[in-house]
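Engineer: Here's the feature list from TrEMBL:
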{"type": "DOMAIN", "residues": "1-34", "note": "domain 'EF-hand'"}
{"type": "DOMAIN", "residues": "35-70", "note": "domain 'EF-hand'"}
{"type": "DOMAIN", "residues": "79-106", "note": "domain 'EF-hand'"}
Amino acid sequence: MDFAEQMFKKYDQDKSGSLQMQEVYDCLQSLGTKFSQKDIQIIVQAFDDNKNGVLDYNEFEQLVYILQNINNISIESVLFYKADSDKNGVIDVNEFMNIMKSLQVQMPDEKLKNFAIQMGAATDGIGFENFTNLITKMKVLM
């Protein structure tokens, strides 16, 4: 049994086969992260691919993989690595659109696309620093 599976089984307290927000919070706190309840809500939104409000094992495993492979654990860095689906170190227009939709950002697609292009997603891609600055500013809106 790998680490993600051990943690999932330990924190799936109601044995539902998924982790609710409080269970995710408790799990990540036990790992020494400093995520707030609001951060956990954002993380669950980002990783909840089927949009059922909880994390199933595969969704949780993605989160654990990212947490194990980044140096500076923050909500912004977790979201960057979730968004960077092709793992090339930058966020392109489609990746930007996907992460914004998963975070349920209420903005028309065309505006989101234009915003991504203005940030450089259509040329060199949105780098880590620009993306994390954006997420920091957007957290007040989420």
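Every residue, even glycine, has its Cβ placed from backbone N, Cα and C.
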Engineer: Mind tallying the domain 'EF-hand' (1-34) by DSSP state, helix then strand then coil?
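Structural biologist: Tallying H, G and I as helix, E and B as strand, the rest coil: 19 helix, 2 strand, 13 coil.
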Engineer: Against which stretches of its own chain does the domain 'EF-hand' (79-106) lie, if we need a Cβ under 8 Å and a gap of at least six residues from its ends?
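Structural biologist: Apart from its flanks, the domain 'EF-hand' (79-106) reaches 42-43, 45-49, 62-63, 66, 69-70, 112-113, 116-117, 119, 121-122, 124-128, 131-132, 135, 138, 141-142.
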